Every structure is written in structure tokens, then in C-alpha cells.
Amino acid sequence: MALSVEKTAAGREYKVKDMSLADFGRLELELAEVEMPGLMSCRTEFGPSQPFKGARITGSLHMTIQTGVLIETLTALGAEVRWCSCNIFSTQDHAAAAIARDSCAVFAWKGETLQEYWWCTERALDWGPDGGPDLIVDDGGDATLLIHEGVKAEEEYKKSGAIPDPASTDNAEFQIVLSIIRDGLKSDPMKYHKMKDRLVGVSEETTTGVKRLYQMQQNGTLLFPAINVNDSVTKSKFDNLYGCRHSLPDGLMRATDVMIAGKVALIAGYGDVGKGCAAAMKQAGARVIVTEIDPICALQATMEGLQVLPLEDVVSEVDIFVTTTGNKDIIMVSDMRKMKNNAIVCNIGHFDNEIDMLGLETYPGVKRITIKPQTDRWVFPDTGRGIIILAEGRLMNLGCATGHPSFVMSCSFTNQVIAQLELWNEKSSGKYEKKVYVLPKHLDEKVAALHLGKLGAKLTKLSKDQADYISVPVEGPYKPAHYRY
């Protein structure tokens with residue numbers, strides 16, 4: 001696709017695959033709104049006061065129908081918004097078209113190259129010559145990363161005149177990042193400093209991005225305040241767990257039509273995502289094996305009737321492999337060569353480095369057969385056996401299906417709206433330093449409460465005497481910060 005910005009009749013910038021899909025996208029947005037009570041409650045509660053009036057928000061988060069409802073909640077509260085996806089395969093093109101036509105600048109389409117992906121990220125951050133966004137909604141930390149790397153390069157350029165050299169790294173994706181920063185230096189050597197100086201803060205959606213933020217905080221390199229949305233209970237214990245329980249089998253069946261019952265499934269990692277994936281496979285009738293490094297998580301898995309074994313002990317027995325760890329080098333090409341014919345290998349962690357795709361792509365004589373988009377059979381020349389890789393080792397539930405359902409994403413995205421409001425409302429108070437924060441317990445409970453009515457649930461009320469007996473306020477919060485749900 002030619003990388004040039006287009007404009008709507010109203011003058012709004014965009015780059016999407018097909019604007020003729022906008023009406024279809026609008027119909028699905030209207031369906032999703034009914035399933036997203038938390039976001040709709042935010043519109044009702046905060047819309048009249050327009051708390052985001054004057055705020056610029058950049059989003060780097062999967063451009064799906066559910067994200068469209070989030071975007072239109074932010075604009076309903078007064079924000080100006082520019083958006084890109086955080087994964088090359090996760091955009092739903094009808095959602096991107098509807099939002100680009102009706103609501104905000106969107107730069108996203110399904111099946112981006114890495115070059116296109118980072119171009120879209122740069123466009124979403126580009127608010128013109130007077131700096132970037134006030135706030136960032138990030139998922140995986142790529143928008144945050146680009147600003148940090150840009151500031152670092154500008155400081156080096158100012159000090160020594162050195163410009164980023166893409167050849168200085170073997171990582172093909174980071175070469176693209178350095179090229180973008182290098183080109184930016186030529187037009188404005190303070191471009192990313194201007195962004196950094198304007199930024200109020202970022203709210204981060206997922207485990208991988210949160211890890212990046214805590215690493216920067218530990219190293220003293222974090223440039224602006226950050227709210228860790230991922231570790232809100234109403235995000236990690238719902239989106240990560242129940243969302244993956246729903247979307248993993250959806251992606252598997254859309255991609256392969258595989259019969260899960262009777263198969264052996266291996267789930268690498270037994271955190272919240274792994275728990276949801278293991279539950280889905282077990283409920284579908286698979287025999288589930290878990291790999292784990294953490295003895296506590298391993299013990300939890302055994303208490304659920306799951307086997308816990310190292311990958312190398314069972315690699316030749318497994319039919320379906322799912323990586324969920326957020327770590328790298330979980331399944332290597334040496335493991336793939338030992339797998340049974342047509343074993344399915346997929347990842348539901350954020351990045352594509354859990355499965356050794358580079359090792360597979362460069363294996364001598366390996367043959368790639370594309371069955372359909374995001375479903376490839378790779379055949380090893382020496383064994384004649386093939387394995388099926390989904391979404392090129394990237395997020396399979398969004399690459400091969402449509403991700404998590406609207407209701408569970410309403411929990412996550414309501415946390416995002418609240419986090420963005422918190423950062424914006426406190427921008428001049430000094431409350432938030434260049435550190436990583438989590439939302440307080442009473443807001444977590446509020447997000448949960450907003451979703452109960454839709455499910456027909458009613459809470460029991462404490463009396464004052466009962467509340468005093470267990471030392472909590474009648475109106476909550478009901479659990480201490482350290483409570484493990």
C-alpha cells in the first residue's frame with residue numbers, strides 16, 4: 001500500500017484499507033455498544049462536562065470494533081484522537097473505516113508490513129509542528145518506545161552530531177524504528193523532545209507493555225507518568241482470563257477447523273492468559289499439558305487436573321501448542337522439527353518472539369505453504385513433516401479471529417477511560433511523577449459494578465454494623481490492595 005495520508009470530506013486524516021466498509025463497521029459498532037455498558041456509562045456520566053476538551057489523545061491499540069467504541073467514548077468526552085493499531089494483523093478493516101469516516105484520524109489496516117506499521121505509529125503521534133499528544137493509550141508500549149528512542153537519538157545528535165544507524169542492529173524491526181527516527185532528525189532535530197515535553201502521561205493496556213514501563217522506571221529512563229491498566233483486577237482477571245478462554249478456540253477453529261476434543265494441547269505459561277487458554281482447551285475436550293517456571297503457578301495447574309511438564313519431554317506428543325508467556329524463545333525451530341506432522345503452533349502473547357519464526361524462516365530448505373491468510377504450513381525437507389503456524393507467530397486470536405468479545409473488553413476499556421481521565425485531571429497537581437502507577441481499588445470496584453446490571457446481577461448490601469465488624473466502609477472498597485482475587 002502506498003504510504004500517503006488521505007483526507008475525508010471533512011478534512012480528517014486517515015489511511016485505511018477500504019472506506020466503503022464504513023457502513024458495515026457502523027452497524028457492528030452499534031451492536032457492540034449494547035455489550036459495553038462500562039463505556040456507555042462513562043459517556044452518560046462524563047459526557048455533559050466534556051472533561052477531555054482540549055486534550056489530544058494518541059492510541060496505539062488493536063483497531064477493532066470494540067476499540068472503536070472506546071475511541072468514540074473518548075471523543076464523546078471531548079478529546080481529539082489519532083489512532084493506529086499495535087499489531088500488523090489485528091485491525092478489523094470495517095472498524096477502521098467507520099471510525100476514520102465518523103470520529104477520528106485512523107492509520108491502520110489488516111496485514112501491514114513492519115514498515116507500514118511503524119509509519120502508522122508515527123502518523124498517530126504526529127499532531128503537527130507544536131508537539132505531539134497530551135495522552136497516550138498504549139498496548140504493548142510501541143508508541144511509548146518510539147518517543148523514548150527518539151528522545152535518546154536527539155540527545156546523542158545534539159551532543160555529538162551522530163545520527164541513528166539502522167545497520168547498528170541485527171533486529172529488522174528496530175532497523176525500521178531507527179530509520180524513522182533518523183528521517184525525523186533531518187526535518188526537526190527536537191521532534192521527540194517536543195512530544196515528551198507536552199505529554200501528560202500514558203496508560204498501558206497489556207502485560208508486555210507494562211514490563212517495558214517497569215524496566216524504564218527501574219533504569220531511571222521513564223520520561224513521563226504511566227498508569228498500569230493491565231494490573232487492574234477488572235482487566236487482568238477478566239480480559240486476560242475470560243477473554244482468552246473465549247478467543248483462543250475461536251481463532252483455532254477459524255484458522256484450521258480442528259477438532260479440539262481428544263487432542264493433546266500444550267499451554268506454555270500459566271498466568272492469567274495461560275489459565276484462560278488451558279480452561280478453554282480442557283472444556284473443549286483436550287488433554288492439557290502446561291509448561292511453567294513458577295512453582296506457584298505450576299501447583300495451581302496441577303490442582304486443576306493439568307499435567308505440568310517441560311516442553312522437551314512432550315514435544316513429539318502434542319497436537320496444539322499455544323504460547324502465552326510474554327517471554328522470548330519459548331518454542332525454537334529445534335523443537336518444531338520434533339513435532340508430529342501437522343501440529344498446530346500458535347501464540348497469544350503480545351509479540352512475535354515467543355515462537356522462533358526467524359529460525360524457521362531461515363531453516364535450510366524449509367517450504368512455506370500458505371493455506372489461507374495467517375494460516376501457513378511449513379514443511380521440513382529432512383523429515384517431510386509439516387507444522388501449521390498461525391498468524392506468523394503473532395497474536396492468533398486477533399490475526400485469525402476477532403479477538404475478545406465486546407463485554408469483557410468493556411471492562412478493560414473502562415479502565416482505560418478512567419486512567420486517561422485521572423492523568424488529565426491531575427496534570428497540574430504534581431500527583432503523578434515519572435513512575436508507573438495502578439488505579440486505586442475503589443475505581444476497580446466501580447468498573448466491576450458498572451457491568452453487573454447487564455448480567456442481571458445484584459449486590460448484597462452491608463449494614464453499618466457488618467461493615468464495622470470487618471473494618472471496611474459500607475460503600476467499599478471491600479478488599480485491601482494486596483488481596484489476590
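In case you wondered, yes, glycine gets a Cβ from its N, Cα and C as well.
Residues or ranges marked as substrate binding site by Swiss-Prot: Thr64, Asp139, Glu205, Lys235, Asp239. Within its own chain, Glu205 (substrate binding site) has Leu61, Val137, Asp138, Asp139, Gly140, Val229, Asn230, Lys235, Ser412, Gln416 as residues 6 or more apart in sequence whose C-beta sits under 8 angstroms from its own.
Under the heading NAD(+) binding site, Swiss-Prot lists 206-208, Asn240, 269-274, Glu292, Asn327, 348-350, Asn397. According to its DSSP assignment, Gly269 (NAD(+) binding site) is coil. The C-beta environment of Gly269 (NAD(+) binding site), restricted to residues of the same chain at least 6 apart in sequence and closer than 8 Å, consists of Val290, Thr291, Glu292, Cys297, Thr323, Thr324, Thr325, Gly326, Asn327, Ile330, Gly349.
His350 (NAD(+) binding site): 23 other CB atoms within 10 A of its CB, across all protein chains.
For Gly271 (NAD(+) binding site), the same-chain residues that are 6 or more apart in sequence and have a Cβ closer than 8 Å to its Cβ are Thr207, Asn240, Cys297, Thr324, Thr325, Gly326. Recorded residues Thr64 (substrate binding site) and His350 (NAD(+) binding site) have their alpha carbons 16 Å apart, per Cα-Cα distance. Across the structure, Asp239 (substrate binding site) and Val273 (NAD(+) binding site) are spaced 8 Å apart at their Cα atoms.
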